[in-house]
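Novice: Quick one: this structure, given as structure tokens, is what I'll be asking you about.
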């Protein structure tokens with residue numbers, strides 16, 4: 001295949017005339033370096049670091065091997081993000097994996113990615129993080145017992161609706177909230193780190209004696225441990241979804257990656273060391289929420305601060321997930337792979353409000369149904385399937401199209417390592433423990449064929465959809481946009 005030429009002229013789908021001045025409507029470039037770092041770090045630090053450590057330890061069997069997994073996950077996220085940074089400087093368009101697959105491999109695989117991501121992956125991830133937020137937010141009101149599910153679901157739904165309003169009103173407001181909550185969660189993690197260092201200084205090092213004892217070496221167990229760790233690092237690629245909204249993307253993108261991911265990796269390692277300083281491995285494994293158990297042991301009467309910190313952390317993470325997830329829907333619609341209404345932006349707020357509203361609606365459906373645990377469990381399977389495809393696209397461009405202008409180049413060995421890791425993460429769990437859910441996910445991905453050929457390939461558009469688009473355009477006060485790609 002050959003790399004698809006990016007549109008440099010405005011098509012009817014991507015531009016509109018506003019008033020007499022023929023002004024082009026486009027999303028604002030509001031995301032600078034600090035906001036970029038906050039978007040990456042703020043989305044990565046969600047509920048994972050407060051919940052996943054016991055599962056990594058469970059699958060690996062020993063403290064030292066679990067720390068190695070956390071370090072390896074951080075290194076893999078860093079390599080993946082650096083590879084994406086080069087893609088972002090070659091293809092300067094928003095949309096992340098979707099736009100890269102579209103420009104390199106063509107329309108059909110890009111549609112399958114957009115279909116899976118917009119309908120299933122992004123809403124499921126957002127719903128999961130919001131439910132995690134709700135669990136911690138309502139827990140103080142139900143001491144000594146589990147919170148009623150209806151209260152948790154209503155709180156999660158309220159969280160999604162609040163995020164929808166914030167993100168539809170103003171990009172700057174959404175990024176400011178991201179910056180504030182990122183600072184709050186970094187402070188919470190620093191409290192855990194300092195507490196752990198104090199415990200180590202007092203000589204509480206029993207967890208680190210014979211640290212490799214009982215290490216598991218099975219291929220499948222290591223793969224599942226990686227899944228648990230990588231769930232905590234998910235979000236390393238979020239800045240590539242908003243490339244068109246970055247100030248100086250060729251500089252901001254690589255710099256933000258190089259600051260945010262090493263920062264998060266170091267914090268995660270130090271937080272895990274702190275957990276192991278406060279608890280023995282058996283205590284850590286028996287904990288339902290390791291951060292809360294740590295708070296009870298170390299902070300005493302101030303343990304409620306940890307619950308508050310996790311609630312703040314998950315809210316900030318869900319804001320980052322929502323901010324970038326809505327952009328995938330918006331970009332896919334702008335390229336003709338989703339209904340036209342989703343490619344439009346609000347004429348005054350300059351935000352992709354229809355795409356954000358659609359993402360919000362899909363997430364609310366998942367929260368109401370509640371039957372998405374298995375989807376979230378296999379989130380990493382779908383994600384690394386498409387990460388692998390995207391990285392193979394970068395290798396194709398590096399080998400076949402070296403003449404393409406790029407302001408940042410990653411050494412070719414780095415995407416090769418990421419591709420090998422992606423293949424391993426997709427194949428290892430299937431070989432070790434084949435499950436029917438993976439077959440259902442693959443069938444869902446390929447069910448997009450039913451929609452692709454009539455609606456995209458042969459451009460069959462029912463007349464009622466055109467009328468509905470017009471009415472929604474007037475009701476939502478939105479208009480088509482133009483791409484900022486050069």
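A Cβ is built for glycine as well, from the same backbone N, Cα and C atoms used for every other residue.
Quick paste from TrEMBL:
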REGION    1-21  region 'Disordered'
TRANSMEM  31-52  transmembrane segment
TRANSMEM  64-85  transmembrane segment
TRANSMEM  97-118  transmembrane segment
TRANSMEM  154-174  transmembrane segment
TRANSMEM  180-201  transmembrane segment
TRANSMEM  256-278  transmembrane segment
TRANSMEM  298-317  transmembrane segment
TRANSMEM  354-372  transmembrane segment
TRANSMEM  378-397  transmembrane segment
TRANSMEM  409-431  transmembrane segment
TRANSMEM  437-455  transmembrane segment
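Where in this structure would I find these features, and how exposed are they?
Specialist: Within the chain carrying the transmembrane segment (31-52), a Cβ under 8 angstroms from the stretch's Cβ atoms is held by residues 77, 81, 129, 132-133, 171, 175, 178-179, 181-182, 185-186, 189, 228-229, 231-236, 238-239, 242, 245-247, 252-253, 255-257, 259-261, 263-264, 267-268, 271, 289-292, 306, 310, 313-314, 316-321, 323-324, all 6 or more beyond its ends.
Residues 40, 44, 53, 56-57, 96, 208, 211-212, 215-216, 222, 225-226, 229-230, 232-233, 236-237, 240, 253-254, 257-258, 261-262, 264-265, 268-269, 272-273, 387, 390-391, 394, 408, 410, 414-415, 417-418, 421 of the same chain lie 6+ residues outside the transmembrane segment (64-85) yet bring a C-beta within less than 8 angstroms of a C-beta in it.
If one looks beyond the transmembrane segment (97-118) by at least 6 residues along the same chain, the residues whose Cβ comes under 8 Å of a Cβ in the stretch are 1, 3-4, 6, 87, 91, 237, 240, 328-329, 331-332, 335, 337-338, 358-359, 362, 382, 386-387, 389-390, 393-394, 396-397, 444-446, 448-449, 451-452, 456-457.
Below 8 angstroms of C-beta separation, residues 37-38, 41-42, 45, 49, 267, 270-271, 273-275, 277-278, 291, 294, 298-299, 305-306, 309-310, 312-313, 315-316, 319 of the same chain, each at least six residues beyond the ends of the transmembrane segment (180-201), sit close to that stretch.
Residues 42-47, 50, 129-130, 132-133, 136-137, 139-140, 159, 177-178, 180-182, 184-185, 187-188, 191-192, 195, 199, 235, 278, 289, 291-292 of the same chain lie 6 or more positions beyond the ends of the transmembrane segment (298-317) yet place their CB under 8 Å from a CB of it.
Proximity of distant same-chain residues to the transmembrane segment (354-372), defined by a Cβ-Cβ separation under 8 Å and at least 6 residues beyond the stretch ends, is recorded for 118-119, 122-124, 126-128, 130-131, 149, 153, 156-157, 160-161, 163-164, 167-168, 322, 325-327, 329-330, 333, 341-344, 472, 476, 478.
Outside the transmembrane segment (409-431), and at least 6 residues removed from its termini, the chain residues within Cβ reach (under 8 Å) are 76, 79-80, 82-83, 85-86, 219-220, 222-224, 226-227, 230, 380-381, 384-385, 387-388, 391-392, 394-395, 398, 438.
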